[in-house]
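Data first, discussion second: the structure below is written as structure tokens.
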Amino acid sequence: MSAQESCLSLIKYFLFVFNLFFFVLGGLIFCFGTWILIDKTSFVSFVGLSFVPLQTWSKVLSVSGVLTMALALLGCVGALKELRCLLGLYFGMLLLLFATQITLGILISTQRVRLERRVQELVLRTIQSYRTNPDETAAEESWDYAQFQLRCCGWQSPRDWNKAQMLKANGSEELFVPCSCYNSTATNDSSGFDKLFLSQLSRLGPRAKLRQTADICALPAKAHIYREGCARSLQKWLHNNIISIVGICLGVGLLELGFMTLSIFLCRNLDHVYDRLARYR
């Protein structure tokens, strides 16, 4: 076996192994995009409610994952069977996917400020209309979950809940906040929380009934609640995840660029090897 044949054989199996890896990676990308679309319990869904293009990007991410899996399968078969038509198709579609992912990464990075502004607008609107419409609770439950996970209360501070008319105690000027603001680690006393929870619900009136999730209730502002707003934590979360998404897009793009180079090299040199083998027969 000549050096060129050994090199082509090495490239062939290299493409096969790494396309197998990218098949698994494409499955993970698809699952991540699908999770953003269907998950209604995390603050990722709250971000999606605030910025419609995020839902579009999630769908693009899911489709991108499916395309990555299909291309990886195409590359595996084309490299292993040494089929020029499949390798050429693999190169062309990989080039298209490369351009799409780079464009997606640039769009996400340039829309960060707009996304943060839209999130802030939705948060303040959700706080102001808290519990006013029992039929529309998706944003409220998502924000309760965000406060619980980020260990914060309100947007800038718990005083933001002054704007929520339904959480003001009847006949009292005392401020009430959702129980997602309650800092249970400050007291380590769940029994005190239960007593507080039951007594305050009765003061909020008939519309303050407990929903299906246990995260919805009310607490007086003097209780042990988180004193920091969620603005900084949520903006930091958005910033870190946007950087991660852009980094993944660029990293995968560079790998795809390398695979395109190897596939076109293998595709162009297969005929030369076969012609030489035919002369030796």
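Even glycines carry a Cβ here, placed using N, Cα and C.
Taken as a whole, the topological domain 'Cytoplasmic' (1-17) shows an average pLDDT of 77 in this prediction. Positions annotated as topological domain 'Cytoplasmic' by Swiss-Prot: 1-17 (among others).
Annotated transmembrane segment per Swiss-Prot: 18-38 (among others), in sequence order, evidence recorded as sequence analysis.
Swiss-Prot lists 39-59 (among others) with the feature topological domain 'Extracellular'.
Feature annotation from Swiss-Prot assigns transmembrane segment to 60-74 (among others).
According to Swiss-Prot, the feature topological domain 'Cytoplasmic' maps to 75-85 (among others), an assignment based on sequence analysis.
Here Swiss-Prot flags 86-111 (among others) as transmembrane segment, drawing on sequence analysis.
What Swiss-Prot records for 112-241 (among others) is topological domain 'Extracellular'.
What Swiss-Prot records for N170 (among others) is N-linked glycosylation site, and it gives sequence analysis as the kind of evidence.
Residues or ranges marked as N-linked glycosylation site in Swiss-Prot: N183 (among others). Contacts of N183 (N-linked glycosylation site) defined by a Cβ separation under 8 A and a same-chain sequence distance of 6+ are given as R151, H224, I225, Y226, in order along the sequence.
The N-linked glycosylation site annotation in Swiss-Prot covers N188 (among others) and rests on sequence analysis.
Summarising the annotation, Swiss-Prot assigns transmembrane segment to 242-266 (among others) and lists sequence analysis as the type of evidence. Listed as Cβ neighbours of the transmembrane segment (242-266) (distance under 8 Å, sequence separation of 6 or more from its ends, same chain) are residues 8, 11-12, 14-15, 18-19, 22, 25, 75, 78-79, 82, 87, 90-91, 94-95, 97-98, 101-102, 104-105, 108-109, 112, 115.
Marked as topological domain 'Cytoplasmic' by Swiss-Prot on the basis of sequence analysis: 267-281 (among others).
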